[in-house]
Structure formats: C-alpha cells, structure tokens
Amino acid sequence: MNRESFAAGERLVSPAYVRQGCEARRSHEHLIRLLLEKGKCPENGWDESTLELFLHELAIMDSNNFLGNCGVGEREGRVASALVARRHYRFIHGIGRSGDISAVQPKAAGSSLLNKITNSLVLDIIKLAGVHTVTNCFVVPMATGMSLTLCFLTLRHKRPKAKYIIWPRIDQKSCFKSMITAGFEPVVIENVLEGDELRTDLKAVEAKVQELGPDYVLCIHSTTSCFAPRVPDRLEELAVICANYGIPHIVNNAYGVQSSKCMHLIQQGARVGRIDAFVQSLDKNFMVPVGGAIIAGFNDSFIQEISKMYPGRASASPSLDVLITLLSLGSNGYKKLLKERKEMFSYLSNQIKKLSEAYNERLLHTPHNPISLAVTLKTLDEHHDEAVTQLGSMLFTRQVSGARVVPLGSVQTVSGYTFRGFMSHTNNYPCAYLNAASAIGMKMQDVDLFIKRLDKCLKAVRKEQSKESDDNYDKTEDVDIEEMALKPDNVLLDTYQDASS
C-alpha cells in the first residue's frame, strides 16, 4: 500500500497500529531500494516475504498483469493454466526482444528489470568468487553446451576464414558437440600424463596453431572443471599462446564458479594473456534447475555481441530461479556454501583414501583438481573386465548418483569422432578408476553414506569374483535400500552406463 492507503486505513484501525504496519512495510522496501540502487547481491539473504513482495511488484509492471489490459496481438502473455502462471510468478513475456536477449521489452518492464538485476547480481557473485576484473555477463536460458555454441557462432563473423577449434581433450559429450553444432571441426589435442594427472600438452597446442595457421583457427576451447585424473587446463599458458597468435580463447568453466582455484586460473589467464569468454552452468554452481548458463568476459562489447547473436526472446525462468536463490542466500550465504564445499572436499578425500587403502587400492594424486577425486580399481580390473562396470551399476541401483566408474579400453563415437579410452580423457590411462566429486551443497552425511555403500559394493564384487559362498554374506544387515540388487541384470547395467556417459 502507498501513503494514501495507509492514511485511509487509520480511519478504520488505530493510527498507532497502522503506523507500525507502515514501518514494517518500509523495512521491506528499503531492502528492495538498496538492491535497485547498488545492483549487488545483499550481504544477508532476504526472507520469503520480502522476496515475494519484490517479485509481485515486478510482475504487475508487465502488461499481461495490467487490470485494464486489452491485448490484440499474437503474444500477449496469455496463460491457460493458473498453476503455470503461479509457477512463474506471472512473469509470462520472457526476457529480451527479437534482436537482443538483453534488450528491454516495452510491454514487460518488470521482466526486463528482473533480467537486468539478475545479470548484475551474477556479475557481483563472479567477482566475489575470484574473477575480479570481469566486465560483463548475462544469463542465457540454455545449458553450458549450447551456450558455448553461441560463443563460437559469434566468433564466426569475426573470423570468416576459420574452420578449426583447438580443443585439449575432455571426455564430456556436450562440450565436444557444441563445436560440431556450430559447424566447426574440432582438433583434439591429447593430454599428457604427469604422475597421475592428465595435463594440457602446450607444445602440441602451439604446434597445431602453427600447422593450421592462426587465421584458420576459430579459437582455443579450454576447460577448467573436469573429472579427475584430468585437471584444469593450463589456462595462463594457453591465454599467452592465444594472445601471441591473435586467436580467441573460450573457456568451459561448467562448474568452476564454486572453485576458487578454477576462478583464479581464469583471472590469471586474462591478466597475462587472452580470454574472450568463459561459460558456467547455473544448476551446477547455484543449485537451481537445469536450463541456464552464464556467459561472462573481460571485453564488454564482445559479451554484448554474443547476447545479440541469440535469436528472439528467451525464457525468464533461469533468470528468475537464480535471482530468487541469490537473494535468499545473500553473498554471505553463498560464501558459506563455498567454504563448506572446500571442507567437504577435504573430508571426502580423507574418507576415500582410508577406504581405498583397506582394499589395496589408491587415491590418485591429483592436487590440481579442486573438485573431483579418483580411486584406482586395479584389483577389480585384474580379476574381471566387467567387474568395474558392475561396481558402477551396483552403486547406481543403491541410489548413489554422481559417482562413475571408468573401465579400461572403452571406445565411444561422438558425432562421427571415435575416442579410445572414452571417459578417461586419454587413449590409454594406466588403470581403471572410480570418480567422486565434492560439489556445492554436499553435506557430511552424503559423504558418510557414500562411503558406507561403496564399502558394501566393493565387498560384494570381490566376493562374487572369488566365488565365495553366498552363505558367508550377512543378509540381515541393512535389508532395505542397502541390499538392493547386489548383482545387477543387463538392464540395470545399461542404465548405469547411459547415466555415467
């Protein structure tokens, strides 16, 4: 209510009580005003009443929510289901215009304001996470792979001769297909093994630039966040190569915002060389539903070019989700999550190390990977080739998600390209292994339950391999979820393989 409404209310209720309510309302409005003035994530998270008040105030600025609106066009924000309307807080028009995803819509001032505020808050969080000199970013309603494609398509107009993208190998399908979808030919650079780690072959990258010719290379497509034993690319050195040869540099930072090490690599790469854009997922870094990403960079005009390359309007759902999340957490809440993630990484590492040693296995030494861990499965692989995959299937059927096993010699064809040793990021990694990761939001009980179930699965696989009698197995222990499908059938095995790839 405005001042006149409160004054009218004083004729019905004691003025002292109305003034008290007015002051309470002002406290909400004060938070909203600070957000609009500063464009930064508040230090402390908002309560739900402030959030819903803010969203309601924005929504009634859109024409579909005007009391006297008369829509006679083909896109008037009509929604058949009231449930759908409530799900989206009545933000129906989406964001952007036909020529620019960041443009303001005349009939959707509230949605446009939501978009601008969200981009501003996300930029603030990226700086807080470690990339202090980033100049611009925007939320795009596509996941990481398609967002990378958008970056490559934008570069096409700037580099008409280019047809190759140099790509240090990372066995993840969407980032590979992002180059194919954009119409370019990926040039795969195999990683080099240094100890247990798979690292960027800088000499091979530079040699390939010289062989193909810089004008024919669209960009170098590097990666930060990845599954161990692969570690983040040598971003600083790659950025220097890009600067020396005048080649753009696009970084796949899929779940790297939660890692201070990944963000530091991006910051340093931009400082000493060239990074044109870096792309990160919303769901992996901010715990929102899948469907959005952030494209960020150090050249304001280039990031604007990318936003203008997006054809048509876009869904506001990813922007709305991340806005609600960041306002609920506040910068202090997000920093707390980042701190807890680091602590869980150390805890997970210690617990896996203890368990692996009990089975004569080894936690691979991958100090340059700040999120993912890998444990050898040599003893399983030595006994039976299928035992590794069977272990993964057992974990999957026991509702352990995210962990994946990587057998030796797997071959996979992706968009016409055949990869040997697929999922291991190299043709011939020395051993089979199991991956686990400590991502944002993980709790100690998640680690403890994973270790418990992994222990049971390892015991079961070994007993089956050694053909020990089932009579020796105590079937009375954890009869419910803990004893699900110790020996998975082919359907479960196939389901696990699809999920892990």
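Placed from the backbone N, Cα and C atoms, the Cβ positions cover glycine too.
Please treat TrEMBL annotations as automatic predictions, because they have not gone through curation.
According to TrEMBL, the pyridoxal 5'-phosphate binding site annotation covers Arg75. Note: Arg75 (pyridoxal 5'-phosphate binding site) has non-local neighbours His93, i.e. same-chain residues 6+ apart with C-beta under 8 A of its own C-beta.
The substrate binding site annotation in TrEMBL covers Arg97, Ser98, Gln105, Arg313. Within the same chain, the residues at least 6 positions away from Arg97 (substrate binding site) whose Cβ sits under 8 Å from its Cβ are Ala103, Val104, Gln105, Arg313, listed in sequence order.
When Cβ atoms from all protein chains are considered, those within 10 Å of Arg271 (tRNA binding site) total 13, not counting its own. Look at TrEMBL and you will find Arg271, Arg398, Lys463 tagged as tRNA binding site.
Taken from TrEMBL, the feature N6-(pyridoxal phosphate)lysine applies to Lys284. Contacts of Lys284 (N6-(pyridoxal phosphate)lysine) defined by a Cβ separation under 8 A and a same-chain sequence distance of 6+ are given as Ser225, Ala254, Tyr255, Gln258, Ala439, Ile440, in order along the sequence.
A Cα-Cα distance of 35 Å separates Ser98 (substrate binding site) from Arg271 (tRNA binding site). For Lys463 (tRNA binding site), other Cβ atoms within 10 Å of its Cβ number 15. In this structure, of the binding-site residues Ser98, Gln105, the smallest number of CB atoms within 10 A of the CB marks Ser98. Cβ-based neighbour count (10 Å, all protein chains) for Arg313 (substrate binding site) stands at 21. Counting every protein chain shown, 21 other Cβ atoms lie within 10 Å of the Cβ of Arg398 (tRNA binding site).
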